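What TrEMBL says about this one:
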COMPBIAS  10-26  compositional bias 'Basic and acidic residues'
COMPBIAS  403-435  compositional bias 'Basic and acidic residues'
DOMAIN    44-443  domain 'Major facilitator superfamily (MFS) profile'
REGION    1-32  region 'Disordered'
REGION    342-372  region 'Disordered'
REGION    401-443  region 'Disordered'
TRANSMEM  41-59  transmembrane segment
TRANSMEM  79-97  transmembrane segment
TRANSMEM  109-132  transmembrane segment
TRANSMEM  138-159  transmembrane segment
TRANSMEM  166-188  transmembrane segment
TRANSMEM  194-217  transmembrane segment
TRANSMEM  237-258  transmembrane segment
TRANSMEM  270-287  transmembrane segment
TRANSMEM  307-332  transmembrane segment
Amino acid sequence: MSATTSAIASERENDPEQRDPDRPTVENEASQKSAAQTAKLALIMVGLCLAVFLTGMDQTILATATPTISDEFKALDDVGWWTAIYLFTLSTFQLFYGKLYMLFSIKIVYLCAIAIFELGSLICATAPNAVALTCGRAIAGLGAAGIFSGGIMVTTKVIPLDHRAAYLGIMSGVFGVAAIVGPFIGGALTEKSTWRWCFGINLPMGFVTIVICSFLVRTPTNPLVRTMGLREKLRQFDLVGMVLLIAALVCLLLGLQWGGSTYPWSNGRVIALLVVAGVLMIGFILVQVLGKSSKTIPPTLARSRSIWLAISYAMCMTGGVYVAILYVPIWFQAIQHQNPDQRDRVLQSGHDHRHDSSGNRRGTLDDSHPADGEIRVDRISVAVWPRRGLWLRPAQLRGADAPAREGDPHWSDTCHAGAEPERNHLRGRGAEHLPKHASGPAA
């Protein structure tokens, strides 16, 4: 009798239909673990994309709020600084953050960058005058310098290799969307509430990212770096080169800001600043060429003609974009007497087509430069997109006042179409000329 009972129990154990449905199996456990891991990665990506969204939005959100801020602070001469100083610290400290991510914990450096960005946003939101706002923007840019690159570093550590390109493409897309909606958000907040919310909106969103990354992100440390002491790590930084570069750019910005407005171009102060900027930049180049220690710009990158030509081209083209972003809204408010909600429609038309035209090459991911989410365009001449941008940029800027003349906010859309894809094209083509060990500093 007992033998028969044992046999029946054994048959039920081996028969899938007779098995207890509540009893855990290896397949169920694996499925649950996979679902939990997927949910964890999705939550991490939400946090990373929130931070990237903030940095992208912060570059354009002031476009429609600047005239209102300048009216409140009576500081029309300072409007250029509020965006320029943010972009200055953001770009200058990119390479510095690259070293930090190489030598210290990626998670800690990333959280510190977000905290610095939040501090700068808080100062801007509570700024009593134009000077405080400028200082807050500088601090926010210092933090933003490490957010996008840090998000890429975190993604490469927590996302499996076969899904990494897709996640990086999503992150790049979020940055583009943030730049598009920035003027809309800035105009709506300025018109319906106050311009201070253009910065205050960063605080809760950044806090969410800090909480998510603090509890969910685990980034391994390089074993070789773990054995290095603090003094040895500090030797890896090109402090002399960084000081020379920052000082040169500060003198250049001051000279360009003062020349023709605060002082005439022939004034000794302006001439001295421009001369000192040139001397300091020459000193920086000499340090990079002759220095034997760690350099700010890797030698492989410095010797690449394609990289330098792409950088020079992008600098000229992007400079024209930000001139329009900064000063076209002031023209609409001071001359056309439009409110912020009306002004952002004009800027929006340009941003929409700029990213839509670039999006034709963002739909498919490629291993050559997955961080941008772009596809290869080897069958298209490298000069096609730059030529297209050069021809369309005057039409874009000329069409900026079309809505005011025609009374239709969509009249100038065709003038803006396709004016920006050349920048992403050059960035992707430049990445193809980089060895793997130089891709981090180059980014």
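Quick reminder: no glycine exception, Cβ is built from N, Cα and C everywhere.
Long-range Cβ contacts of the transmembrane segment (270-287) within its own chain (Cβ-Cβ under 8 Å, at least 6 residues beyond either end) map to 238, 240-241, 244-245, 247-249, 251-252, 254-255, 258-259, 263-264, 295-296. Proximity of the transmembrane segment (307-332) to the transmembrane segment (79-97) is established through 3 or more Cβ-Cβ distances under 8 Å for residue pairs spaced 6 or more apart. Sequence-distant contacts of the transmembrane segment (41-59) (same chain, at least 6 residues past either end, Cβ-Cβ under 8 Å): 83, 86-87, 90, 114, 117, 121, 140, 144, 147-148, 151, 154-155, 158-159, 167, 170-171, 174-179, 181-182, 185, 202, 205-206, 208-209, 211-213, 216-217.
When Cβ-Cβ distances under 8 Å to the transmembrane segment (138-159) are tallied for each of 79-97, 109-132, 166-188, 194-217, 237-258, the top count falls to 109-132.
Two recorded stretches are said to be in contact when at least 3 C-beta pairs lie under 8 angstroms, sequence spacing 6 or more; the transmembrane segment (109-132) and the transmembrane segment (194-217) meet this definition. Panel annotation: around the transmembrane segment (79-97), residues 55, 58-59, 62, 66, 69-70, 109, 113, 133-134, 137-142, 144-146, 149-150, 237, 242, 245-246, 249-250, 253, 257, 296-297, 322, 325-327, 330, 441, 443 of the same chain, lying at least six beyond its termini, place a Cβ under 8 Å from a Cβ of the stretch. If you average pLDDT over the domain 'Major facilitator superfamily (MFS) profile' (44-443) in this model, you get 75. With a threshold of 8 Å between CB atoms, the same-chain residues lying at least 6 positions outside the transmembrane segment (194-217) that come near it are 40, 43-44, 46-48, 50-51, 53-54, 58, 61-62, 65, 68-69, 72, 107, 110-111, 114-115, 117-118, 121-122, 124-126, 136, 140, 154, 158, 185-186.
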